[in-house]
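Colleague: Taken from TrEMBL, the feature transmembrane segment covers A:22-49, A:69-88, A:100-119, A:163-190, A:213-232, A:293-311, A:345-365, A:377-395, A:401-419, A:440-463, A:483-502. What TrEMBL lists as domain 'Major facilitator superfamily (MFS) profile' is A:24-507.
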Amino acid sequence: MAGAELEVLSALDKAKTQWYHFTAIVIAGMGFFTDAYDLFCISTVTKLLGRLYYYNPSTHKPGSLPPNVSAAVNGVALCGTLAGQLFFGWLGDKLGRKRVYGATLLLMVVCSIASGLSFGSTAKSVMTTLCFFRFWLGFGIGGDYPLSATIMSEYANKRTRGAFIAAVFAMQGTGILAGATVSIIVSAAFNNAYHRPSFSEDPIGSTPPQADFVWRIVFMLGAIPALLTFYWRMKMPETARYTALVEGNAKQAALDMTKVLEVELQAEQEKVDKIRAADNFGLFSMEFAKRHGLHLVGTCTTWFLLDIAFYSQNLFQKDVLTAVGWLPKAGTMSALEEVYKISRAQALIALCSTVPGYWFTVAFIERMGRFTIQLMGFFMMTVFMFALSIPYYTLRDHHKYHIVFIVLYAFTFFFANFGPNSTTFIVPAEIFPARLRSTCHGISAASGKAGAIIGAFGFLYAAQNSHEGKQDPGYPTGLGVRTSLIILGVINGLGFLFTFLVPETKGRSLEEITGEDRYDAEFAPYP
Amino acid sequence: MATTRRSRTRYSGSQRSGDFPIACAAWYPSFPNSRQEDLAYIISGKVTDESDTASTGSLELFHYDYKDGDLASAHIHDVDEGQLLQSIAIHPKGGGAVCSFSSDCKLYNLGKSSGLQLKVSDQDLAPLKDIGPQMAMIFSTDGSRLATGGKDGHLRVFEWPSLTLLFDHPDGYGLLKSIDISLDGAFLAAIPATGKYCHVWDIEKSTIITTIHNSNKNELFGLCKFSKDGTKPFLFLTITRGGEGSGIGVWDMEAWNKLGIKTFSRDPITSFATSHDGKWLAIGDAAGVIRLIEVKKMQISQTTTDAHTSKVTLLDFSPDGRVLMSSSIDSPLSVTKRNLDKEWKEWQIYVLLLSLIVGSAILFYVFFQHSDSFWNFPLGRDQPARPPPDAIYGHVTDFDGGEFM
């Protein structure tokens, strides 16, 4: 009788744990969801901004943002993210991370709403205030990113840590999808209410004045996930956890404690001195360079290279898709139709490739290991990128090959997420010694953001048509889409090569990986 | 490079004078919605009448004001129980105070509804009623577990508030001197009165994880406390070594190896407390000296010598860690202020952030005035922020249904 009762209790316990883990994933992941939504939603509305504020009757083309403006609008949030990561990282150490939650999320909510309410009397005031608020929105996002990562650690347990982290990170894919979906819904609703002819039929009439509301609403709706994140985080029970045990810092904590206690036997004095000497390498010491220097180079370069490819593609998908012909030429659509078609195309790509990529990582990361997944990811990205860039003109010019192009393009995203995008986030948290772990993770993340900024700006210029006259107004001639895609393929290939600098972490204890277990062999613990 | 602050502070606290000693006392956690940051509450059990056969006592409620720091006038309520309070455990989230008397266990609530008075709760404490007086009671950090150690050495862990018995060890380990639950509620440590060893159990599995023994005959364990800091998984045991002084020993929580010991006092340590954030320890010794220790460096940061003259029987950090309550036989209930470093307060972050934002707004405004060449608007500097007027006024389609008109 008692036995049966105990069985029931333990089954309930297990069920409770699974449900608890699910809610923990959603709550911890809401931060990432919000970040992805905010960073991504700009890409669906930049064309609309061009039509609204840059219409030049003499060009006979729909207005479009000049290169520097487009780069500014797309990139300012990324710059804010970089600044925010540094500022809140420093502040978090001083104050304790929990106190910083309120500040970052409040900033994000206020700036989402404010960017939608950008001062509107002249075009210049709109664009300037938009950039101002997008910068501070990025600042809040940058501060929130490491907090989300910390919450993840507090809720994971040792066994399922890899899969848990991957699942939380997958909320980013959901955020991208949500951004595209919201754009679809808003633009379709407005298009329905204010239907207009296409640009070629009626240049001025194709842009209703109400189109101005569309981009503002899309931005303002970004405040909702931020508020949800705030609410859920406040409601989350305080987990009392030995995070040191979860993150594998217990040995480091024990070593630090040993150093400040008294030595009981004289014979131990030498050992303690050795521990003190050996353990004391800082970030800029020879010791670190010898043991982890190549690892740091590996994590930084792979994250950097990945983000160049990932962000350039995410933000400029529509240019590629237009060049290929999957999106109709701008002149054949009205303003709202264009937003609708762009968002729909981006939602489809996200749904069919980005989001599944994340979930495949969740499923396979513990079985295949981070190293294999990252290698495979980069390799496939290189293969697919070359596969679609080398026969680019054939694929582009023949209508029947459009599907092939889209499929190949989608596969590169799939393998970006079932691959380096997820692993470059997880690995730095596992291979560096505990004391330097957050610093090294921060450096790798910052180099990733640098790659994102380069990708965002660089692709914009590089992808312009190389024939004079065919590029978008205001841009210099570039290398053309085909050459840019080939360059991206080469970058992915470099990422593949640099991955060999990073060690495999699956199945090995954290102490083995960081080399801290050498202490065990040489310095037995006190009796 | 750390400087040791061995400040011998002048006694900067307050005392409550009384004829009779305090049996035990604890801080009541502040109300979550309370706006008054400068008030806190203490519940203590006072001995009102001592005789050889039986002692009687009462419960007292004190209201401590951080600004005045005066306990003498702080007594606000008295509950005459007629029996002596053996031990008290206060729920960390304000769920009440469980008080164990010589023949009974009761739960008291303190709340606005009871008008800042101690009121016996209606909650049924049936499982606790017949187990006799409990010498030590403690809640886990999240308030979901209550561990009790009886006079007969019977150790129990209940789930709270359902009071389901999770862990039951009737074997007499002798009088239990000290028990503690780990931060994550997984382990229970207990030291018997003999002080010869310390047991650690896994609460869920009800199995013994390890038994820590004295390393030599002279050593005796006193009190146990798990670290309450999530980044430092340790078990602290106070150790008294005859002749060599007493100190705190540290054990790690994975292999339960002794990491070392640090001596703090010449006299035996008689009471031990950790702060709620786990960053500080407080020890009181038989000479009445209270020492505050920073866990990170295991160094004494504050020493108070004039609060008590006899052995310190009780130590408790206030919930926010600003003051430390202590008691001894001769001078019941004193509160010592702590010398804390100035920390960044929350409003200071907001001020910093706001000033950064205002600064950047000014920069953006300057940019705004000079940025025509950057933006390159087709219609020049004052291009209106909307499509040309034709789009608004010039088309029949404008006047279909669905417009603002």
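A Cβ is built for glycine as well, from the same backbone N, Cα and C atoms used for every other residue.
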Colleague: Quickly jot the same-chain residues contacting the transmembrane segment (A:293-311) by Cβ under 8 Å, restricted to those at least six beyond its ends, or write none.
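Modeller: Here the qualifying positions are 78, 374, 378, 381, 385, 416, 420-421, 424, 427-428, 431-432, 440, 443-445, 447-456, 458, 488, 491-492, 494-495, 498-503.
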Colleague: Can at least 3 Cβ pairs under 8 A be found between the transmembrane segment (A:69-88) and the transmembrane segment (A:213-232), with each pair 6 or more apart in sequence?
Modeller: no
Colleague: Calculate the per-residue pLDDT averaged over the domain 'Major facilitator superfamily (MFS) profile' (A:24-507) and state the result as an integer.
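Modeller: Taking every residue of the domain 'Major facilitator superfamily (MFS) profile' (A:24-507) together, the mean pLDDT is 81.
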Colleague: Select the range from A:100-119, A:213-232, A:377-395, A:483-502 that forms the most Cβ-Cβ pairs under 8 Å with the transmembrane segment (A:163-190).
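Modeller: Answer is A:213-232, with the largest number of Cβ pairs below 8 Å.
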Colleague: What residues elsewhere in the chain lie close to the transmembrane segment (A:483-502), defined as a C-beta under 8 angstroms and at least 6 residues from its ends?
Modeller: 294-295, 297-299, 301-302, 305-306, 308-309, 312-313, 320, 371, 374-375, 378-379, 381-382, 385-386, 388-390, 392, 420, 427, 431, 459, 462-463, 466
